Amino acid sequence: MKIKTKLTLGIGTLFLMVFSLAALSGWYIHQLKKDTDRILTTNYNSLLYARNMLVSLEAYAEDDRAVLRFQDNLIQQQRNITEAGEKEKTADIAARFEEMKQGSADQILRSSIRKDITDLMQMNIEAIARKSGIAGQTAKDAIISIAIVGTVCFVIAFTLLLNLPSNIADPVRKLTESIRQIARQNYRERVHILGSSEFAELASSFNTMAEKLEEYAESQLDDILQNKRRIEALVENMSDPVIGADENRTVIFANEQATKILGLSQSALLGKPVSELTLHNDLLRDLFKDISSPSAGEEFSSTLKIFADGRQSYFEKEVVDINVVPTGENELKYIGQVIMLKNITPFKEMDLAKTNFIGTVSHEFKTPIAAIQMGIQLLQNDRVGKLNDEQKYLIHGIKEDSDRLRNITAELLNIAQVESGAIKLNIHDNEVKPMLEYAIKANQVAADQKQLSLHVSVDADVNKVLADNEKTAWVLTNLISNAIRYSHENAAIEIHVEKQGTRIRFEVKDYGQGIDSKYKERIFERYFRVPGARSGGTGLGLSISKEFIEGQGGEIAVDSELGSGSSFFFYLKEAK
Ligand code: ADP
């Protein structure tokens, strides 16, 4: 049955019951009123007339008006005949009264009139008693009928009270619960409401919707599963090891390369808490060392030395926090971390080979250069033979070049030493200007090729600097060479030296392409090159510069804005 019909019937029944109760009560009250009215208007009035007639009869002899009063009441009584025999009695009274009026006023006639009136009164008193009995019976009937109808109404109303609200509320509750299930993505939920009510229709529409959602979710799930498999295959086939952990630091994936270097199978890794795994695996401990969860929003990277593929390998560790915005929310939520290991062994090996090569070459150069210089010295000696001016000039030129060659060889050896981890510093009081001149001279040709103008300024209060002359000059050379390399043509490069407290600040400023802020720290790492930077570099220059400067107790940093240029600067102690 429809809800509307149910409600109409329920409320209609209640209305009908109220109406019937009211009608029944009204009817009985009316009946009772009729009974009492009958007593009042008929019998009570007859009693009143009879009494008045009696009083008038007593005063008949003394008072003339008594006759009139008697007659008046008699006429009223004649009009108010209601009981059986009352008419005859009234007629008797009237006949005797006529007699009395004719003049026979004897006692016998009077007493017979009195008796008739008393009979009339008795007749009406009996009628009153009878009628009040009827009224009492009507009242009883009323109580019984109203009680019966009232009880029936109560039972019906109580049944409605018990059933009607639950009849409406139960399906609503069922539907609400099912909608909640759907919201929890339980698309298998169905509502079963039988009948032809609106709720049954609603339930059937709900079921259709749930079915469609289920279909949709399944098709979506299929897509998602396929995408998941694709991504898994991608991660699995990556040549670098990748490990993923969720927000509770439980390993959720690890590709084949990762399992290989860790020496653990996937089943030993997946679903296990990192804290438990690190207890038995040193490499995992190293991998997760220093990584907080989440890593405070910073990308994290460092170099690790791992024994893999049967040899010593080098990996660059990169930790990336995974943050997503959950559906229906606005804020990013941390859901885990991915640790990627980039195999940099080939670069390391190349670098080592280069270092060794540089070391060997520069070492090998030392002897012939020393021989050349010895030869020059001999040539300059008058004992060997006198040189003319032109020859002297030429020999002087050869000596300068051989000196430069010797210095370069020494620098190359320095680089080799730095890279092999053994820097030898030679810190003394040094003039700033010769260092600058050396660095500028070494870069002049490159600067000229790009029509760059080098502006050098040294503040007047700059004295000597406490530094390793060669290495500081090397750093300056490297910074200027970078500035030239990353400047646009016809630009200016400013080289400025100033005193700041007890330190000397060297600055090389260019107006070239600049450096993205996220790479500012990383450019000082070995082999790091800004992605997309022009090729030709090794990514070593700045890291060697940093080692040279920090080795001397100094500090090196960069200020840069992408597109506007960079300013590299370093501080060294002022000589006392
Ligand atoms: P490279 O031999 O590649 O120049 P460096 O260690 O000297 O190696 O520099 C590291 C990276 O820093 C470079 O690849 C380049 O992207 C960036 N870089 C260095 N100097 C500058 C500069 N003056 N302007 C812009 N980028 C620079």
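Quick reminder: no glycine exception, Cβ is built from N, Cα and C everywhere.
Annotations in TrEMBL come from automatic prediction, not curation.
Pulled from TrEMBL, these are the features on record:
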type	residues	note
TRANSMEM	7-29	transmembrane segment
TRANSMEM	142-164	transmembrane segment
DOMAIN	166-218	domain 'HAMP'
DOMAIN	227-311	domain 'PAS'
DOMAIN	360-576	domain 'Histidine kinase'
For the transmembrane segment (7-29), distant same-chain residues with Cβ under 8 A (at least six beyond the ends): 1, 138-139, 141-142, 145-146, 149-150, 152-153, 156-157, 160, 164, 168
Residues in the domain 'PAS' (227-311) grouped by DSSP into helix, strand and remaining coil: 35 helix, 21 strand, 29 coil
Other parts of the chain folded back onto the transmembrane segment (142-164), taken as Cβ under 8 Å at six or more residues beyond its ends: 6-7, 10, 13-14, 17-18, 20-21, 24-25, 28-29, 31-32
Averaged pLDDT score, the domain 'PAS' (227-311): 82
Residue counts (helix, strand, coil, in that order) that DSSP gives for the domain 'HAMP' (166-218): 39 helix, 0 strand, 14 coil
